[in-house]
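Here's the structure we're looking at; comments come further down.
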Protein chains: 4
Amino acid sequence: MQIQFADQKQEFNKRPTKIGRRSLSRSISQSSTDSYSSAASYTDSSDDETSPRDKQQKNSKGSSDFCVKNIKQAEFGRREIEIAEQEMPALMALRKRAQGEKPLAGAKIVGCTHITAQTAVLMETLGALGAQCRWAACNIYSTLNEVAAALAESGFPVFAWKGESEDDFWWCIDRCVNVEGWQPNMILDDGGDLTHWIYKKYPNMFKKIKGIVEESVTGVHRLYQLSKAGKLCVPAMNVNDSVTKQKFDNLYCCRESILDGLKRTTDMMFGGKQVVVCGYGEVGKGCCAALKAMGSIVYVTEIDPICALQACMDGFRLVKLNEVIRQVDIVITCTGNKNVVTREHLDRMKNSCIVCNMGHSNTEIDVASLRTPELTWERVRSQVDHVIWPDGKRIVLLAEGRLLNLSCSTVPTFVLSITATTQALALIELYNAPEGRYKQDVYLLPKKMDEYVASLHLPTFDAHLTELTDEQAKYLGLNKNGPFKPNYYRY
Amino acid sequence: MQIQFADQKQEFNKRPTKIGRRSLSRSISQSSTDSYSSAASYTDSSDDETSPRDKQQKNSKGSSDFCVKNIKQAEFGRREIEIAEQEMPALMALRKRAQGEKPLAGAKIVGCTHITAQTAVLMETLGALGAQCRWAACNIYSTLNEVAAALAESGFPVFAWKGESEDDFWWCIDRCVNVEGWQPNMILDDGGDLTHWIYKKYPNMFKKIKGIVEESVTGVHRLYQLSKAGKLCVPAMNVNDSVTKQKFDNLYCCRESILDGLKRTTDMMFGGKQVVVCGYGEVGKGCCAALKAMGSIVYVTEIDPICALQACMDGFRLVKLNEVIRQVDIVITCTGNKNVVTREHLDRMKNSCIVCNMGHSNTEIDVASLRTPELTWERVRSQVDHVIWPDGKRIVLLAEGRLLNLSCSTVPTFVLSITATTQALALIELYNAPEGRYKQDVYLLPKKMDEYVASLHLPTFDAHLTELTDEQAKYLGLNKNGPFKPNYYRY
Amino acid sequence: MQIQFADQKQEFNKRPTKIGRRSLSRSISQSSTDSYSSAASYTDSSDDETSPRDKQQKNSKGSSDFCVKNIKQAEFGRREIEIAEQEMPALMALRKRAQGEKPLAGAKIVGCTHITAQTAVLMETLGALGAQCRWAACNIYSTLNEVAAALAESGFPVFAWKGESEDDFWWCIDRCVNVEGWQPNMILDDGGDLTHWIYKKYPNMFKKIKGIVEESVTGVHRLYQLSKAGKLCVPAMNVNDSVTKQKFDNLYCCRESILDGLKRTTDMMFGGKQVVVCGYGEVGKGCCAALKAMGSIVYVTEIDPICALQACMDGFRLVKLNEVIRQVDIVITCTGNKNVVTREHLDRMKNSCIVCNMGHSNTEIDVASLRTPELTWERVRSQVDHVIWPDGKRIVLLAEGRLLNLSCSTVPTFVLSITATTQALALIELYNAPEGRYKQDVYLLPKKMDEYVASLHLPTFDAHLTELTDEQAKYLGLNKNGPFKPNYYRY
Amino acid sequence: MQIQFADQKQEFNKRPTKIGRRSLSRSISQSSTDSYSSAASYTDSSDDETSPRDKQQKNSKGSSDFCVKNIKQAEFGRREIEIAEQEMPALMALRKRAQGEKPLAGAKIVGCTHITAQTAVLMETLGALGAQCRWAACNIYSTLNEVAAALAESGFPVFAWKGESEDDFWWCIDRCVNVEGWQPNMILDDGGDLTHWIYKKYPNMFKKIKGIVEESVTGVHRLYQLSKAGKLCVPAMNVNDSVTKQKFDNLYCCRESILDGLKRTTDMMFGGKQVVVCGYGEVGKGCCAALKAMGSIVYVTEIDPICALQACMDGFRLVKLNEVIRQVDIVITCTGNKNVVTREHLDRMKNSCIVCNMGHSNTEIDVASLRTPELTWERVRSQVDHVIWPDGKRIVLLAEGRLLNLSCSTVPTFVLSITATTQALALIELYNAPEGRYKQDVYLLPKKMDEYVASLHLPTFDAHLTELTDEQAKYLGLNKNGPFKPNYYRY
């Protein structure tokens, strides 16, 4: 286990990257800059000095089993939650359907995720389904203080605030787990920090834990490593790779956020611009489709011949980056790879070329190579740097090579709704599964539940599903209620 | 003339609407919220009390023939101008081409436009072509103080600041015109206020004036009225209806800004949303194309059967608003008409429906009808109101029905470059025309100049035009240098 | 007049080109190859020897005032007409609306057009509106014998068959005009041959003629020449340039027929193919949009900077033909110009490059330059030639450079319906206009009628037009029934 | 085994359906109607009487080890093969690369596929790689006699002609297998008939057989059944489900062929038409994208909520068929299901509604229900029937509900090239695999070979793949030469 924790420390130091995880909500960027600025600044300034850990706070029911920035912000947070509820109909439907049965009755869930209005809707849904919850933040910056306050006010033991120190971070997690007379039997994790804390500090707890639900790429990777090493001692559900989540997080979401991110940062016009998109996976496909539709001329680079052939059939010239680097107006990376855009490429770009990253992390553009004395950096706006060559050439670097769609755009609530619903269903599945169905291994969400998540979101579009007749179901050899496709189906 | 001035007074009172004119630059929205906030707040706060009219300011060359907020902001403004220059290659090309000839040598231009970085590039181009300029703002809110300072610093007599009173407004215009030993011989106007001031106060000036170049719909309308009434005493050029300007201001610009405006205000997802677009002119065509490409389901309403048939052939269901009002997620008006969306429609919309206007003015949505006691207004963000019905239904009203693309988005510099180049060429044309070519009437830009504006912008796209051979030109009966199309050509 | 006739002789010799006119119907290509092959071959073969002029034929009512190939084919033709009627709802609606009033009562129309099922629907509509008609073919090849028979059977004096000689052609026209006791008072012409015959042979007839309606580019050109020369002695209506007709004949129709024409001739796959489209007018815009949508990579060449800028904003690289000629898989011309593709270009194309023309005539590709001894021609299918270079390189030339969409595709009935309705309305307008409204000049269709044509076609799409309220009409300064746009509006 | 054979008999009787398999080439439809009609009719008519089995034929080298319609047609067939070679660069590249090594040296392949020009290129490639081949047709109608002749002439023992009887069919297969002194060691099958013949008649042959490569859905299904039953006695490769084949056979191919099939049969215009597409799998996605791009308004029906959500996000209204059946102009099925369009639906369609099937077989539209006395069938063209209701309503039924894209369109050679290359690589893989790598089971093509097929087709598009650097490969944990994706990757 010691090695695991060492890994984790290292991970923590990379945290600025981790902010880039794909599950931040619109409210994060919004509330800090915009709608509640007056309220926020009032309360923030008055409280700035004192650490939440040193404050004595009680909610209106007298409880003090929480630790948030300022319980008085609860009302603002409640409004945010109510707005989010309107855009998360699937969770609201779950609440209704489960009103009688309470499929999570008896569940004691400890969670560690971003604390946003959408998470709050998830938590309150879990509560409505019968679960008890305790919650910490999975990121030191992403907590919405107002929302945390609203949750604390309505009785959820929440331990999180914006701007935690590393010590605060682990303290908060510990406060969720290390409780007199309460022991979790389910884990909902985003990044794996909670899981690892329990592994390290309270390994005995796993005896009572029925399962782990993990959302992030990083956390899933850790679980597979544990499993490989034979150290995974409860079933775990990888919800990151469910079909619905993947398509929405990548293809559909990026198709919109590439435009949004570029507009908000540069106010550029897309029509007639030459763009090279590195990588033609789901993210690349979304970016290319959007820019083509807006009148850009798009080139694609790929390493995989199958994706390359798809790019051709979709109408994009497949090139090596070198072939077009001198002529393009925009370079977008979405490969998941490292050093896709090198200093050499950057040297050859034309004046005013925009460079940004939509991929997995901040490794795709070799930003470090631009930190040399002969280049001048000029911050022209938040998230926008001009890097200036000695001859006056400027490169417009967005978000310092971090994820454009998270740094400079927002994730629509609808996408977060898909994720949250998937998490809720995974918890229900693991909690209610007959003993022995799930072993000490990492599982994908059963296809039927993936389909169920999708079906819960159809009413948003007033979409009417067709039902198989008995005769048709028999002809196809399918159950009328699904699952409808073999596991290898590619959608 | 008296009647004219009365009109103008009335117009002035409608000024909040006029802010919505389509030529505001990105810098307006940007600088007030973002990049220069620190600098701006510093200088703004220190100066706030004193009116610029009461201050004694000199530029570094010792001149005090200007009136701006704070001459010390010149450096910030200069940087904005330099950035704009990079995106206005056509004007820069004009400067180069005309270096020898100075086609505006002797021209004394008085101008009244928005004072932005893009206008500054225009003014300095006019200067480089040989003209002397004096300038006022056509709008009391739109002046970028830093840019005005930069212009004053480099020797332009500029009289403008953000937040002028009505009295300031006319005082500034008067300071441009009423000068010892200097009399304008050209007018560049945007809205017609400058023209009308001269008509009213200094009608004799028109004897020396060679022509008026007018950009706005409103100003052009006034000129046609003057012409009809036989009161137009110099030639005027309507640059508003040039092909290039129209296509860029409407079709191409709105195709992008509808998405941008909706995203910045609501962070909504476009995919799967049902949208009704009222009006299928150039603006409507742009909105529909963009939303369709993003996966929305778009309905169109139209009154003109030809445009209606175009909508059909482009793949949109043509409906009456009533037929779909209950089911749509977004209502967008772009008709130029009034009361297209009535209270009755608003009453029938579903919860969370978004309502906004991309059309000509703030008349299209009957916003006034929503100011009734039973409805609650809640401002949730800048430019975003929730109007709440007694039963809890919320309508999301953007920009209070004013132009979404100006209020909540930005106009790309490239579009402004088209306009500015058109203005410059119109000034050159009128100034250099042999006597008698233009009478006391309103003219459209000659098609050849329209084509020239376009050709100056092609290098931006690395676009290579084909030239006719002599044989081909003869076959087509065309001059090799254009114009290439009959006047009625529809593009 | 003599010069005119000389022109006409020359025109006649160019007739193979004229076949390419844009108004041939689906039935032409169809019936000759497909559906009625058995019937057709039966009757054709039996009659082949005798010229229709030498046959004695009577319809079932005993009339012999017609000359067609074989009156016995009437039943086949009637079925074709009935099918066409279903796709020409606008004309059928006209029939119904005009049942009471008979707006063409007293009209004696002599017509000279392609004789197809769609023309038959037009003729029978004119009849239903009160007119008497006599008809000849405007093209020696395009007559559908079955349809001509059906018209003759139902009492129309029709003089036309497929495969007329030049002498037959003028004989037929003469038989329409030169009748005892009947003199036309309206002319409906397509190409101007009928008009010129009357000018030459029976100039006195024009005293009673109320007007000419002309559809073709060529015929309209002739009329403008006559008008310029002061020789036009009746009003003429140019229906070729009506908005609706232009958009459907060019943009909408070519968007579909470029794909159809290429598929039928070459069975090629569009995805990933590199295509250069010469000319970005309405036809070019249609071709580019379609191919882009199918996954081709499209380059555009243009001479007009405005259209060039449109191509850029629509997402196409603007190039000179030379820059891409070595790499493209397909070359499509739609310029209306000559020698756009020269032998030099053809020499440089890569193996298997497809070359075709969607433009105005067969001049765009210099096909003559390929008739040299070192090149081998191989006809691989109807309308498809391989031209083979000494080194084995093959160019795939479609339709020998004639119009692809007419030679290798079909014009949808819906497009012909637009044209026919426009013709009918133009006839009604000219026939009923109060004296003096139209002078001896060439007129465009009044915008209101253009709008009416459009409105008659909306029901096909179940499209519901919105009506202006009185208040709105007043606000816009418009009549509630249109016209809705200024004449210079570009749609 | 007996049961298997019984199945097979039944299958044979369903043969008319089997014609619909997706591998027929363009040449089939073409040669029978078009290019070689003269030659074909000459030879066909002269030979019609005699069965090929009763003829004595020799090729120019004196061999008579073949049975084709007419060896004299060899020259025509050779030209077809040469044309196909130009469009199958991947196989030609394989020939070149393998010139030295001969990876199929010693292979004795017996094949049973459609006999077309493309198959001929495959066979001659296998020959060039060192294999000996004997070949029969997998379909009694699909053989191109000229191509079979050309193969026989160049020395391939081919036993196939167009219009075989059932007895002929099995006789031909037997002649391939039952040879003195020659025994196959590889099987290439399309439909499973050859495999089953050997199972039934010569089970001992399997001792020497190294593997089976099977292409069709049906054949693969049979193999899985054999495997399940423990009766599969050699390794088999399912090439039907390779990524590249699936995407090209379904998504990319149908995107084009839906338009082609509808145009060739009905000459309809797509713009403004209302279409319902049943099923949103790969085929449905292709159809919807194409029709949307052409200006149709498209509705989708689905049973699977995930695909349904995709349809929503792609901009299509998801409906039940009943909701739109009265209003649509076209109904397209692509579900793989049965009775998707019932008589009840057909009764409610509007006049002139077009009904067609792009799905798996002829079961989707309940055509049988239309064979009732009160309905009149009228064949208006080849593949086009009007079904007429007593009240005169007509439904336009295409291809009697069979596959539109095979019946009324053609499969581009490029798509067949993908399939053929996949088959060749699968044969090489199985033939050269070290003993024990493949057991007696059904395998998917290794991803690396799937990628190789794709890479061989990239040069067609002048597409340039990027190579991973060593550093990048290490970072990603990939081999630089692939495979590049996990098996569950969805593309």
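Cβ atoms here come from the backbone N, Cα and C positions, even for glycine.
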Additional site residue, C:Glu302, C:Glu429 [criterion: listed by TrEMBL with C:Gly281, C:Glu282, C:Val283, C:Gly284, C:Lys285, C:Gly286, C:Asn405 for NAD(+)]: C:Glu302
Across the domain 'S-adenosyl-L-homocysteine hydrolase NAD binding' (C:250-411), average pLDDT on the 0 to 100 scale: 96
Filtered binding-site residues - C:Asp190, C:Lys245, C:Glu302 - keeping only those with Cβ under 8 Å from chain B: C:Glu302
Within 10 angstroms of C:Asp249 (substrate binding site), Cα basis - binding-site residues out of C:Val283, C:Gly284, C:Glu302, C:Asn405: C:Val283
When distances run from the Cα of C:Lys285 (NAD(+) binding site) to each of the binding-site residues C:Thr116, C:Asp190, C:Glu215, C:Lys245, the nearest one: C:Lys245
Neighbour count (Cβ, 10 Å) for C:Lys245 (substrate binding site): 22
When distances run from the Cα of C:Glu302 (NAD(+) binding site) to each of the binding-site residues C:Thr116, C:Asp190, C:Glu215, C:Lys245, the nearest one: C:Lys245
Among C:Gly281, C:Glu282, C:Val283, C:Gly284, C:Lys285, C:Gly286, C:Glu302, C:Asn405, the record's NAD(+) binders - longest CA distance, Å: 21
Candidates C:Thr116, C:Asp190, C:Lys245 (binding-site residues) - the one closest to C:Glu282 (NAD(+) binding site) by CA: C:Lys245
Binding-site residues listed as C:Glu215, C:Asp249, C:Glu302, least Cβ neighbours within 10 Å: C:Asp249
Number of other Cβ atoms within 10 Å of the Cβ of C:Thr116 (substrate binding site) across all protein chains: 28
Candidates C:Gly281, C:Val283, C:Gly284, C:Gly286, C:Asn405 (binding-site residues) - the one closest to C:Asp190 (substrate binding site) by CA: C:Asn405
Binding-site residues near C:Gly281 (NAD(+) binding site) (Cα-Cα within 10 Å), from C:Thr116, C:Glu215, C:Lys245: none
Residue from C:Thr116, C:Glu215, C:Lys245 whose C-alpha is spatially nearest that of C:Gly284 (NAD(+) binding site), among the binding-site residues: C:Lys245
Sparsest Cβ surroundings (other CB atoms within 10 Å) among the binding-site residues C:Asp190, C:Glu282: C:Glu282
DSSP three-state assignment for C:Glu282 (NAD(+) binding site): helix
